[in-house]
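Quick look at what Swiss-Prot lists:
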DISULFID  C7-C32  disulfide bond
DISULFID  C18-C40  disulfide bond
DISULFID  C22-C42  disulfide bond
Amino acid sequence: DKLIGSCVWGATNYTSDCNAECKRRGYKGGHCGSFWNVNCWCEE
């Protein structure tokens, strides 16, 4: 998966809707994952 930003408000590269942002970039979709779900990952 491709890390594009953060799911935490106020954080660097904050993404309000991870799934929608990933789709906009041409990925299948996305989800918030990693430690405490802080990162937005796009599915290749």
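Residue numbers in this text run from 1 along the chain shown.
Placed from the backbone N, Cα and C atoms, the Cβ positions cover glycine too.
Listed disulfide-bonded residues near C22 (disulfide bond): C40 (candidates C7, C32, C40; Cα-Cα distance within 10 Å).
Nearest in space to C32 (disulfide bond), taking C-alpha to C-alpha distance over the disulfide-bonded residues C18, C40, C42, is C40. Here the Cβ of C32 (disulfide bond) has 16 other Cβ atoms within 10 Å, regardless of which shown protein chain they belong to. In sequence order, Y14, T15, C18, C32, N37, V38, N39, C40 make up the list of same-chain residues 6 or more apart from C7 (disulfide bond) whose Cβ falls under 8 Å from its Cβ. Following the DSSP three-state reduction, the secondary structure of C18 (disulfide bond) is helix. According to DSSP, C7 (disulfide bond) sits in a coil region rather than a helix or strand.
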